[in-house]
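Peer 1: Handing you this structure, nothing more for now.
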There are 4 protein chains.
Amino acid sequence: MDIRPRDNASSWQQKAYRVIFESDTRAGQLFDIALLIAIVLSVVAVMLESVTSISARYGSILRAVEWVFTGLFLFEYLMRLLVVRRPLNYALSWLGIIDFLAIVPTLAALVLAGSRYLLVIRTLRLLRVFRIFKLGQFIGEGEFIISALRASRFKILVFLSSVVTLAVVVGTLMYVVEGGQNGFTSIPKSIYWAIVTMTTVGYGDISPVTVLGQTLASVLMILGYAIIAVPTGIVSAQMALPAGGRPSYKRVVCHVCQATDHRDDADFCWHCGEKL
Amino acid sequence: MDIRPRDNASSWQQKAYRVIFESDTRAGQLFDIALLIAIVLSVVAVMLESVTSISARYGSILRAVEWVFTGLFLFEYLMRLLVVRRPLNYALSWLGIIDFLAIVPTLAALVLAGSRYLLVIRTLRLLRVFRIFKLGQFIGEGEFIISALRASRFKILVFLSSVVTLAVVVGTLMYVVEGGQNGFTSIPKSIYWAIVTMTTVGYGDISPVTVLGQTLASVLMILGYAIIAVPTGIVSAQMALPAGGRPSYKRVVCHVCQATDHRDDADFCWHCGEKL
Amino acid sequence: MDIRPRDNASSWQQKAYRVIFESDTRAGQLFDIALLIAIVLSVVAVMLESVTSISARYGSILRAVEWVFTGLFLFEYLMRLLVVRRPLNYALSWLGIIDFLAIVPTLAALVLAGSRYLLVIRTLRLLRVFRIFKLGQFIGEGEFIISALRASRFKILVFLSSVVTLAVVVGTLMYVVEGGQNGFTSIPKSIYWAIVTMTTVGYGDISPVTVLGQTLASVLMILGYAIIAVPTGIVSAQMALPAGGRPSYKRVVCHVCQATDHRDDADFCWHCGEKL
Amino acid sequence: MDIRPRDNASSWQQKAYRVIFESDTRAGQLFDIALLIAIVLSVVAVMLESVTSISARYGSILRAVEWVFTGLFLFEYLMRLLVVRRPLNYALSWLGIIDFLAIVPTLAALVLAGSRYLLVIRTLRLLRVFRIFKLGQFIGEGEFIISALRASRFKILVFLSSVVTLAVVVGTLMYVVEGGQNGFTSIPKSIYWAIVTMTTVGYGDISPVTVLGQTLASVLMILGYAIIAVPTGIVSAQMALPAGGRPSYKRVVCHVCQATDHRDDADFCWHCGEKL
């Protein structure tokens, strides 16, 4: 996504760009935080309106709040389009689409009843919360977690495939063993049960009744309980690695000062500066 | 299992062998992926048929789909028998038996009503999903996980034995403490409850009612909660090891000073300097 | 908080200070343990009184016990005020406020009926249990855990934010998918459900009924199951570090070849051999 | 416990001692395995008898089996007393008491009806299962886990104290917030709920109903979910350590062959045998 200020940007556009899209200036940081607060408040308003008792008493206030935030977000959206280098690129990017969809429902509700429920899309704007992690202290931490997850993404994928395959096999088996009268009314539902069990969630809305079913369930539980060690091990091992991967030191010893532990690619001794 | 092409294989047999059994050619990879899609689709069809509402409306279509896939799998099975070096070896191998059992139920249903339920065995063919991990990126990752699990298999076995023993002891205790009127109707059922609790699944289909039972359950929960650290620690520690594994020391003992723990590549005793 | 003995402390005040506030003398340790036992007993008394059947039979005894402990704690509180250097500082510190609030309810109950329920604040005094970890063996262990958690606090914060954001987004989605008639009566309640599910608690008081809802729930469960690897990995990696922390590299850049990542104690560039 | 053969042991006593108490001979290993199978079978018999439907049909057979095993265990117990050096020491040791209690109930049932329920103590004999880990492959593995747990026992104790304290504080709070009509009928029951929640078991027999209660529960769940990282981290870090603790190598370099990585306590070079 090409998010840069316009080439022919007037002075106010460049300033606005730095405030809205970047967070390396004081104003930019304040904008980010203010936006975040606005998003959280608008989401809270949507939430509260979904509670029948609150909506009955404060419905009109909440709807007013909704209109205010929709206005603010509309203004912000138009500003973004005005100051960015390629407005279409922004509009079609993930964040751009979410920004747009967060405005539409309130307006659409004027025409089409019921469409206000789409306001839930506004919660996706909460993902902007992670922008704040670009500020200060959190830069390195967020990147650390993401890079560890990225480095182990294939291992985690293999793991998740195994979990899902096992859930399908055991779920199907349980459908045959327990049958519809014990809640295992169909194979998809039995697979749902298997996932509920393996992940140790265990709602109890469906649970095995027959002896064979309970035995099979016990095996699945113990498996699920032990299997959690795999992703945990993967991520732990990944995170325990130093930043640049496991360090490899040269086995060479400086012939002058006898110093060891030189970097793998070192050409000179770190201690006496002699050529290795 | 001796899965190699026949010695007296004609040209088409050798080609077919490479496509069906191996995945190092483009055609072989395409075959693997196509087979995988076919398996997933056939499993989905079996699943959907188990849903009463869907089966009522699309039953005939789903049954047709079932016959098509059974035909395809039968063809694939015969091809495998034709091109492999020792057909009997393949037929009696795990994968061979599963491949066979995935075809039988549809045919058997013609003669014997109800045997179509055996189609669930077809889900076992999903295990072939792991063949795809032999492709590209996933080779190392899958092997990494498996080798870490294999290296810690005895530790995990010891751990699982402890979990099961504890479940038996606590389950029996709970049977005496709570008794049949609170759902703990027999010792096996109480052990089932203990496993549900220790693994933190917690369906709630059976739960302690008496004060003593709830106290005992609390202890078991905290134990189960803390105990998960053991397999996790085992696998994490294993995975954190560098590729070459735990530093290996020579099993040799110095014949002079009886010192042990010599480096793997040591030629002299670190303690007395004697030649090993 | 300035917790030191008074400057113009008389001899008994200094002695009492050492006993009450410090734990490096035999008497001080005994006081800590006695206080701990008194706290635990008083909390147990409050607990037992909340059980209807026990309260009906032993109510008067328990109320007497409550008065005895309140008297003891009042005496202890006044002693603390008398011997500490700046009584106001102590009184306004966290521990001081808790100590005060642990006494008040019993007295307040004389005037105001129902205020005795505030006795639950007394359980907060249990936090003094961690003082005992200052004794002997536990010093290092407690500090080890706390320092590991402190070192990873930003990572854990980032992780928790992700969990909460995900819970909000999925919870809102489920509210739309399942709707009020299946228990998802409002967005906050749906978020509560999402947290119950992601953390693998799974009460089952609310559980998805529709196919789409169960599918979404399955994805959330598997995510929650895999995501636990993140905090575990963070803390494991932190704890696996040697006491001195992650190997520290000099932040200095070679002024000749611009190489970085020099050892902390390096005097010469590993790349060009120039003096750093 | 002084478990050695008698000083004045006759030849058969010494032989029997080696078979019964030790497992370094072929006969001793066979005895251990046979005993284990007998224990498992006797436990299975007790279990099956607790199932009403099985007990109704095969009650007499199961009772016969019980008598046979009681006879065997009695014989084994007497043999142990006969061949061990200090019979009283054995009889008063943990294993000795369990061995004794495993026999008593069947005999006591002749006199006292209902005492047969004490047979559950027999399951404790299952703990002998861990003896088998003394055989072959498992020696190191079991010791590895136990030594890792022992090394982190104080850390785990600190952790468990924190969990219990938190459960008490939150449980008491929930008692006040939710009150008896929502299932939180007493403080101990609320603490039980807090443990069920924190450990992510989540039966759902008691679950919060009020908004404040659900909010508080959500916080507790997320805490419990994140807190599991602590014991996991402790054990992982411990297990990642090499056998003798973190290895410390001498910083010294052999002045003859320039070899490095000498053991901390090495006096001679492992490579050329020169005095360091």
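From the backbone N, Cα and C atoms, a Cβ is placed for every residue, glycine too.
Any TrEMBL annotation is an automated prediction that lacks curation.
The following feature annotations were taken from TrEMBL:
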DOMAIN    B:29-237  domain 'Ion transport'
TRANSMEM  B:30-48  transmembrane segment
TRANSMEM  B:60-79  transmembrane segment
TRANSMEM  B:91-119  transmembrane segment
TRANSMEM  B:156-177  transmembrane segment
TRANSMEM  B:216-241  transmembrane segment
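Are these features on the surface or tucked inside, and what are their neighbours?
Peer 2: If you look at the transmembrane segment (B:60-79), the same-chain residues 6 or more away from its ends with a CB under 8 A from one of its CBs are 16, 20, 35, 38, 41-42, 45-46, 48-49, 54, 99-100, 102-103, 106-107, 119.
Within its own chain, the transmembrane segment (B:156-177) has Cβ neighbours under 8 Å at 149, 184, 186-187, 189-195, 198, 208, 210, 212-213, 216-217, 220, 223, 227, 230-231, 234, counting only residues six or more beyond its boundaries.
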Peer 1: State the non-local partners of the transmembrane segment (B:216-241) in its own chain: residues 6+ outside its ends, Cβ under 8 Å from one of its Cβ atoms.
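Peer 2: Distant contacts of the transmembrane segment (B:216-241): 144, 148-149, 151-152, 155-156, 159, 163, 166, 170, 173-174, 177, 194, 197-200, 207-208.
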Peer 1: Can you give me the average pLDDT across the domain 'Ion transport' (B:29-237), rounded to a whole number?
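Peer 2: Per the prediction, mean pLDDT sits at 84 for the domain 'Ion transport' (B:29-237).
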